[in-house]
Amino acid sequence: MQPSSPNATNYLADNIQISSANLSQTEMVVGRDSADYTAMHSINVGVGNSFLRGDTDIPQESGHSFETPSNMSFTAGQWDTESLPPVDTPDALNKAAGRIRSLLRRMDHETVAYEDMQRNLHYAARVLEAVFIDESREGCNGNCKNLNCSRHSHGRDDQQQDNNNSNRSCSLQEASPGGAGAGVTPGADNQDSIESRTKGVSQAPQTHSGPTGPPSNTSSETIAQPAPKLQPALETVRESVMEESPSKDPGDKGPPPPASTSTLTSQTTTSSSATAEPSAKAAESQAGSAGSSGSCSNPAAVHRQRRLRTPTWARSMSTNKTRLADEDDELSEVQPDAVPPEVREWLASTFTRQMATSRRKSDEKPKFRSVAHAIRAGIFVDRMYRRVSSSALTAFPPDVVRLLKNLDDWTFDVFALTEAASGQVVKYVAYELFNRYGSIHKFKIAPGILEAFLHRVEEGYCRYRNPYHNNLHAVDVMQTIHYCLCNTGLMNWLTDLEIFASLLAALLHDYEHTGTTNNFHVMSGSETALLYNDRAVLENHHASASFRLLREDEYNILSHLSREEFRELRGLVIEMVLGTDMTNHFQQMKAMRQLLTLQEATIDKQKVLSLVLHCCDISHPAKQWGVHHRWTMLLLEEFFRQGDLEKELGLPFSPLCDRNNTLVAESQICFIDFIVEPSMGVMSDMLELILAPIAPMNKSKPATLVEHETTANSTTNSAIVIPNSGITPSMDKPRDHRTEAKTTAAECLARKSVTGTTASKFNIPKPWLTCLVENKRIWKEQAVKDAEARALATAAEEAAAAAAAEAEESKPETETADGEQSEPAAEPADGAAA
């Protein structure tokens, strides 16, 4: 399903302006650069304010004034990102924050077009990537060589004052010595600090391709002879500036800055005249300074303009003393639980690498004044991405949402789901599970590509219209492996990539199944059997067809994986899919039992996940009776169709494929006794062995619970593998029910002797035990009834055959009697004739 098309009513205007009346708060202008954007509402955002509205995990301050549906006025064209400033400019963060904040609020009312959401999120992500910090917590003594230091902006000695004057104006602009800098108070300087820094950037062309480049009107001659007092400060930029060549006459002036960079809200302009007048004068003075920057002969001004290309939040903004709070105070505003692990790792790796190249040797530990803001931005983008990815596919039907709440249960009914989902079960269940485990976000799967991929997978499963091996079976196996990952704790033993591979393998393990067995392909000499040399014919086809589908760009959900990640995922998926070949069942069980008997067994993850998927593939007899019986009837119907085809081709019937000669109940009892129950037992022991070291020790259970578990285990016929011992009950034939209690007691004693008390052993939930017992009981009752019915049918057939035989025997006797009666009558006639 496609998202709704963009229209003027689907969007929320981010008409937010930040009032600069309060100097203790961050000065930002968040809004559109259009002439129609005049009537705006004000909102005061402090340092600690979050980007998110209504979030309880991020502290928020009062003063927010969000738009209501009545004042939402946005056209579809205004969501374009072409009008936004470059990602490395000072106001890029504010613009991106306003954009995404508006998107978030709009999503609370109506849907937003996916294309607009994608463009704005991409812009916000690039803004975050442009962030880098060049400060440390170490204080400045007023004599450092860093021109970015706040004390250089407000120095009190003559040298510092001259630096201030040279940084704020060019040599062609006349200024009284010592007067300009001394007359500016810290408050006034802070009021126009962002505006003054924006002036230099606004002259460069605004693109999204990265830095706007250094000023092209700076002459190399000017840089060659810097002022002596600025010589130490400009050593770091001399080499890069010398490489530039003049492209303009020094007398030319650059274009005036856009009005958007100095636009103030109506609320700001109508504040107090005493505040507005100095601001206007400062803005005028800075406009003149920026206008004459093209003819600037002062190297400090060149250095200043080069610094303006650095994002505002990445430089020192400590001119306002209220913003010189400790970094720990800023970070304390963000709770650790509010930061997703992937965002935290990204922040740590990114900021650490960039700071390592910019900090001085004397710094012992880098301190980041803007980490808190970056974390908040990262949290916001992360949540927005999750919301977009979860709403990219159209909303799930209410009945589907209700049924998906039981997705974590062993008794999940996929047949009820397919009725509510109109047959599109792969689309809803696969998307739900990928989203629950975070695979969509972690591996950057585009929602549109994921939707197309799931649609093709569903088509592949429905291609041959199989009664059993169809999209329902794929979803059933995928939900079962989800239960094993989630409820047993197996997911804690795996990486994100391995979890994603497990879900993907379960989804694709029978992709494009033909509805026939491997033996049928071999016996009939099909093209698939010839292609794969009669070995795991269908399983090889499932894996090959799946990766052939993933190779197409419009269905490739693995496009953002690295080469190593793709190789690992492909190997794991292929191994798991090939492990579903039933011809390898007993060999697989034997190998795992041998590993479990070792004292210090090292079990490969591929073998573990292959066994888990294999058990999930044959697990329907371990589900509740209603689901299991329905699956059994569907599987037998598929077998019978193969038998009909074999009859047409003149091939012998495969087992259980003859409609007229199949013992359904007996076959299911044997399947449970010899295949399913031993497999589930081995899987349980394997999971308990590998998960025990990473799971907390279970507390001592109540005696009634232990007794209940012992009773439940005693009613099963599973071949239990005892860890760290060689005791394995025989699988040659089902155990006699008369000796079942004795055998179970012996197994319990053996367990206690090897593993100690029951309370100290790590146990996983085994809801299949009761289902297996119940299903076997019902099948046995059904077998008795079937035997009686067959006996009656046999008796009836025998009676009918006897009756037919008697009828055949009585018929010749009647003919003989008639012949004897006709002979005496003929004799008198002969005598009369004589």
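Cβ coordinates are placed from backbone N, Cα and C, and glycine is handled just like the others.
Listed ranges 28-51, 364-387, 460-483; the one Swiss-Prot annotates as region 'Calmodulin-binding' is 364-387. Binding of Zn(2+) is attributed by Swiss-Prot to HIS473, HIS509, ASP510, and within the candidate set ASP399, ASP581, ASP604, ASP617 the record adds ASP617 to that site. Between the recorded positions HIS469, HIS473, HIS509, HIS509 has the most other Cβ atoms inside 10 Å of its own Cβ, all protein chains included. DSSP gives HIS473 (Zn(2+) binding site) a helix state. Just so you know, of the binding-site residues ASP510, ASP617, the Cβ with the fewest other Cβ atoms around it within 10 Å is the one at ASP617. Of all the binding-site residues listed here (HIS509, ASP510, ASP617), ASP510 has the Cα closest to the Cα of HIS469 (active site, proton donor). In three-state terms derived from DSSP, ASP510 (Zn(2+) binding site) belongs to neither a helical nor a strand segment and is classed as coil.
In the three-state DSSP classification, ASP617 (Zn(2+) binding site) falls within a helix. Note on the region 'Calmodulin-binding' (364-387): mean pLDDT across this stretch is 54.
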